[in-house]
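Note sheet for the following structure.
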Amino acid sequence: MDSITTLIVEDEPMLAEILVDNIKQFPQFDVIGIADKLESARKQLRLYQPQLILLDNFLPDGKGIDLIRHAVSTHYKGRIIFITADNHMETISEALRLGVFDYLIKPVHYQRLQHTLERFARYRSSLRSSEQASQLHVDALFNIQAREQTEPASAPLRGIDESTFQRVLQLFADPTVVHTADSLARILGSSKTTARRYLEQGVKNDFLEAEISYGKVGRPERIYHGKQTYPEQR
């Protein structure tokens, strides 16, 4: 089976590498390029014609939505998945109108991304299964493209800043590192409550694991460690 050529458009190196690491868990996908600017994305789109683009909206030299408009105007035959912190309904509505396959709001739950990639793989496989389609086949295609009711929720906790959240995850790049809400609060210069909110979001998104530790005086304390190995920012 041919691989699904994939272009990642993300200006944060660490986030781009996390996406690459996640995509590598699916053998049917092949990352053929990473663009950190709109201009570079346009060039790679023209050069590679990837079958899938994972796209951020906020780029140093423009908006990802402009790349979608450009793709539509040039009759791009692949599909686009928006992965962005942009939660404005105006952007979401236009992205839907322009035909994006899915729209994921950062910080993204790993299982949510996994579900989207699996759906896209099934969608593409179904498209290639025959030259002519029955109504049943058409119904299946549209059901695959639409999000199933069993899809996991991806709404982040309130008060989560994306850049701070990614900084917290980076602290756990070494799998031997553990933190508590107290130790993280000192690093972030925040309250213990705020630090715990980020740690619990990491657990919710399957990036971190939490355990109960009983200290020297027997008082239980919640400690956190990395569930995945994150690449160092370059």
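Backbone N, Cα and C define each Cβ position, glycine as well.
Since we're looking at a predicted model, the values are computed, not measured.
Feature annotation from Swiss-Prot assigns domain 'Response regulatory' to 5-121; the stated evidence is sequence analysis.
What Swiss-Prot lists as 4-aspartylphosphate is Asp56, and the listing cites experimental evidence. There are 25 other CB atoms within 10 A of the CB of Asp56 (4-aspartylphosphate), with all protein chains counted. Classification of Asp56 (4-aspartylphosphate) by DSSP places it in coil, neither helical nor stranded.
Swiss-Prot lists 181-200 with the feature DNA-binding region, giving similarity to another entry as the kind of evidence. Across the DNA-binding region (181-200), the model assigns an average pLDDT of 89.
With DSSP classes pooled into helix, strand and coil, the tally for the DNA-binding region (181-200) is 17 helix, 0 strand, 3 coil.
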